[in-house]
Amino acid sequence: MNFNIAIDGPAGAGKSTVAKIIADKMNMTYIDTGAMYRAITLLSIQNGKTDVNDIIELAKQAKICINGKRVYVNGKDVTDDIRNIEVTNHVSKIAKIPEIRILMTKIQQQIAKNKGIVMDGRDIGTTVLPDAKYKFYLTADLKERADRRYKELIREGRKVTLQQIEKDIIQRDYQDKHRAVSPLTVAKDAVVIDTTAKTIIEVVNEILDYIKKGEGFVL
Ligand code: CDP
Ligand code: CDP
């Protein structure tokens with residue numbers, strides 16, 4: 001496809017699940033930008049770095065590679081580790097550092113420059129790919145998002161409580177929406193989809209229908 005698709009929204013809105021399916025169906029490449037911020041967060045935890053300048057230095061030297069559904073940092077597969085609670089609780093603090101955002105944005109723009117990318121995150125439609133042909137902002141009620149994430153983590157065998165997940169999401173939403181650089185907002189040309197009462201397939205079809213209309217039903 002000779003275009004990019006940007007999908008933004010808060011945690012648990014269904015971005016990555018929907019973006020992966022859209023990418024598969026349209027033969028495009030899915031890029032999870034949250035994984036990049038999580039990878040830098042993991043690296044800073046593993047290296048015991050708390051000073052902002054040290055973290056920026058780590059990020060500058062880090063080689064992040066997203067290969068299909070796996071994420072590698074400096075050659076190590078960190079796909080599972082970047083989802084742990086410690087990383088989840090720290091990631092928004094790292095993601096608000098302007099220099100880190102500049103670094104990640106450059107990498108993301110480089111990845112998307114030849115088009116054919118479905119990219120999800122918080123600032124894709126507003127900052128990373130402001131010219132993306134299709135932009136979607138997925139959202140859902142807090143309780144629904146917390147419940148989805150809770151069920152997902154329980155399925156994976158992680159020990160969490162619904163209360164803990166809800167608290168994490170509230171904090172992360174707040175930090176992501178209130179940071180100085182590229183906060184989570186709805187791009188003015190994004191299509192907003194409230195997924196609260198919708199199944200994954202319903203959301204996927206809504207997006208595909210929109211794109212099909214845009215492409216003159218040639219898909
Ligand atoms: O999957 P989940 O919604 O839990 O989060 P994620 O997409 O893995 O993103 C983790 C965190 O990275 C977010 O809470 C943001 O703080 C940050 N992030 C960001 O600032 N900008 C992006 N484009 C993507 C993620
Ligand atoms: O990427 P994001 O944090 O926005 O959400 P996700 O990781 O795609 O979705 C979180 C969980 O909600 C996953 O387990 C999905 O299967 C589930 N989900 C759902 O139940 N209904 C939807 N309409 C979308 C996602």
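Keep in mind that glycine also has a Cβ here, set from the backbone N, Cα and C atoms.
In TrEMBL, annotation is done automatically, which means it is predicted and not curated.
Copied over from TrEMBL, here are the features:
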type    : residues                                                     : note
BINDING : GLY9, PRO10, ALA11, GLY12, ALA13, GLY14, LYS15, SER16, THR17 : ATP binding site
DOMAIN  : 5-212                                                        : domain 'Cytidylate kinase'
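All features noted in TrEMBL, drawn onto the structure.
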residue : record           : Cβ contacts under 8 Å, 6 or more apart
GLY9    : ATP binding site : LYS15, ARG122, TYR137, LEU138, THR139, LEU184
ALA11   : ATP binding site : ARG145, ARG149, ILE169, ARG172, ASP173
ALA13   : ATP binding site : LEU138, THR139, ALA140, ARG145, THR195
THR17   : ATP binding site : ILE200
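The residues near the ATP site, meaning same-chain residues not in GLY9, PRO10, ALA11, GLY12, ALA13, GLY14, LYS15, SER16, THR17 whose C-beta sits within 8 angstroms of the mean position of the site's C-beta atoms, are VAL18, ASP120, LEU138, ALA140, ARG145, THR195, in sequence order. The local packing around LYS15 (ATP binding site), expressed as other Cβ atoms within 10 Å of its Cβ over all shown chains, amounts to 28. Close to ligand 1, meaning a Cβ under 6 Å from one of its atoms, are these of the binding-site residues GLY9, ALA11, ALA13, THR17: ALA11. Averaged over the domain 'Cytidylate kinase' (5-212), the predicted model reaches a pLDDT of 95. Mapped onto three states, the DSSP output places THR17 (ATP binding site) in helix.
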